[in-house]
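Enquirer: According to Swiss-Prot, the feature zinc finger maps to 9-43, 88-134, an assignment based on sequence analysis. Residues or ranges marked as Zn(2+) 1 binding site by Swiss-Prot: Cys15, Cys19, Cys31, Cys34. Here Swiss-Prot flags Cys94, Cys97, Cys115, His118 as Zn(2+) 2 binding site. Residues or ranges marked as Zn(2+) 3 binding site in Swiss-Prot: Cys108, Cys110, His124, Cys126.
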Amino acid sequence: MAEEQRWQEGCHRLCANNCGFFGSPATLDLCSKCYRDRQGRESTAPVVVAAAASACPATHPSSPSSSSCPAFLPSSTAAEAGVVVAAVAKASRCASCRKRVGLTGFACRCGGTFCGAHRYPERHACGFDFKAAGRDAIARANPLIKGDKLKDKI
């Protein structure tokens, strides 16, 4: 009975986006998913605005009405981001034999996705230099220590 009264008091509200889940006042009456989506949009918006500002040089700072920058620049950068997402989703085939790999694809350090038969570097003519990468990793992990040039330091 007390639980029904708490329900009717209005502490539980449906999400403001009408997705069917409950929102809370701490998340602006949004459910957790809608709130995360909104936070993601707000965090990427300054990046797009900054990219638009850097892409449009200010030729005449005294006359802001004669801007040569297109107003649709943020949508074009969003379209470029869509191209990147499409390229990532396109890697569902083996780079050597074009066989569908689905979820079992093996990503190589050369950047390709391969099936079980071509997953090893020797099998798909990998262009990645594993020896140089290993040398660089060892050089970063173990910096060269040089001794003092003056032997009789006071």
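Easy rule for this one: first residue shown is 1, then count along the chain.
Glycine is no exception: its Cβ is also placed from the backbone N, Cα and C atoms.
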Enquirer: Looking only at Cβ atoms, how many others are within 10 Å of the one on Cys115 (Zn(2+) 2 binding site)?
Expert: 21
Enquirer: Grab the same-chain neighbours of the zinc finger (9-43) for me: Cβ-Cβ under 8 Å, and only residues 6 or more beyond its ends, written as numbers and ranges.
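Expert: For the zinc finger (9-43), there are no sequence-distant neighbours (Cβ-Cβ under 8 Å, at least 6 residues beyond its ends): none.
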Enquirer: Other than Cys94, Cys97, Cys115, His118, which residues of the same chain sit close to Zn(2+) 2? List them in sequence order, counting a residue when its Cβ is within 8 Å of the Cβ centroid of the site.
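Expert: Going along the sequence, the neighbours appear as Arg93, Ala95, Ser96, Arg98, Lys99, Val101, Phe114, Gly116, Ala117, Arg119, His124.
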Enquirer: What is the Cβ neighbour count of Cys19 (Zn(2+) 1 binding site) at a 10 Å cut-off, with all protein chains included?
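Expert: Cβ-Cβ neighbours of Cys19 (Zn(2+) 1 binding site) within 10 Å number 13.
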Enquirer: Compute the mean position of the Cβ atoms of Cys15, Cys19, Cys31, Cys34, which form the recorded Zn(2+) 1 site, and then list in sequence order the other residues of that chain whose Cβ is within 8 Å of it.
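Expert: Going along the sequence, the neighbours come out as Leu14, Ala16, Asn17, Asn18, Gly20, Phe21, Gly23, Leu30, Ser32, Lys33, Tyr35.
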Enquirer: Find the shortest Cα-Cα separation between Cys110 (Zn(2+) 3 binding site) and the binding-site residues Cys19, Cys94, Cys97, and name the residue that gives it.
Expert: Cys94
Enquirer: Long-range same-chain neighbours of Cys31 (Zn(2+) 1 binding site), Cβ under 8 Å, sequence gap at least 6?
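Expert: Same-chain residues close to Cys31 (Zn(2+) 1 binding site) (Cβ under 8 Å, separated by 6 or more) are Cys15, Asn17, Cys19, Phe21, Phe22, Gly23.
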Enquirer: In angstrom units, rounded to an integer, how far apart are the Cα atoms of Cys108 (Zn(2+) 3 binding site) and His118 (Zn(2+) 2 binding site)?
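Expert: One finds 10 Å between the Cα atoms of these residues.
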